[in-house]
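First up is the structure itself, then whatever we jot down about it.
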């Protein structure tokens, strides 16, 4: 049970816990440097980019593992190979901007400044996203204790070191939570113009989030959900319905733009009509480089990951998949009624938001289970707020288990901490799962 002082001072509580948790993870990662990494790609890549003979800091090299190598390489010299387009440009642009700031301050780039910038973006984004989630929780639930517990759960996310390394998960979570916060505030504001502006700006933030991680397109579900609700009232109340449909449509377009614009840029680059030879995806139905490289280079696709050798990875992902599905279905069944107090039209919109967020979460779990490298669900889930709030509701009330399911909220928190701790050792040693 959280102390009243912690609830009264959520920012101080979150910053203190965040600092302690990050220190622990970095110490774990530093401990892994005592032995050799399973793969030395990061060190080789960083040293190759170094104009001097000095090596990159060991801990920084260990944090630049797996996909972080792609993000930092693209940030350094742009997209060069086709398969690199699987990694969103949002993070690489942010890193490029920070590196320019660093060099303008007189900091010399010795080949590892991109990695340092990526680490800074990740950690600052993780802290800010926890603070934003606490605010979002207060708006949606009206319960300060639940809001703080949800934010603390995000600090201890099973994404672990992925939220500290040059990866897109942390800034994706920040932008996603900011988008949901604005959307939630639009549900309770009484001023029509402010409501419309908040809806559109939420769409912009979700669109930018999609440039960091492609699954951000699922954040378009709230816009589509409410759009349909108002569309059904069009015959009875045409003018009020149109008044609501316009900002929702604009917000939805902004979300889609986060996916369409990068694909268009790639299409212009690779699919020149004057070229004698074009890549096969140029003639596909969607002409999407992202869809092509996910299948061709990364072996994603329907049931492609369903192999006997991958059973351990499905078992590792099972707890997170269960929580995503269970919390999402619970809110869909309850019709999103999480807020306290008397129901009104504003509460109805808030309920629609919760329901649509639940639907997006269930869709994510289903697609990951059937079509992706299933183990990445532990880090993809970090950018979806609903399951944090659902789990926080049980923990804040002291409930040890969800009725009629045998699921232990306390047990899942133990899983989160253990998974993140062990995963930190494996990640820093360039060992799977990643």
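Cβ atoms are placed via backbone N, Cα and C, with glycine included.
Nobody curates TrEMBL annotations by hand; they come from automatic prediction.
Among the ranges 85-103, 142-160, 199-217, the stretch that TrEMBL annotates as transmembrane segment is 85-103. Per TrEMBL, the range carrying the annotation transmembrane segment out of 58-76, 115-133, 267-285 is 115-133. Annotated range for transmembrane segment in TrEMBL, selecting from 245-265, 287-307: 245-265. With a threshold of 8 Å between CB atoms, the same-chain residues lying at least 6 positions outside the transmembrane segment (170-188) that come near it are 90-91, 94, 121-123, 125-126, 128-129, 132-133, 135-136, 139-140, 154, 162-164, 194-196, 198-199, 201-203, 205-206, 208-209, 212-213, 216, 219, 222, 346-347, 349-350, 353, 357, 382-385. In this chain, the transmembrane segment (311-329) touches the transmembrane segment (407-431); three or more CB pairs sit within less than 8 A of each other, excluding pairs fewer than 6 residues apart.
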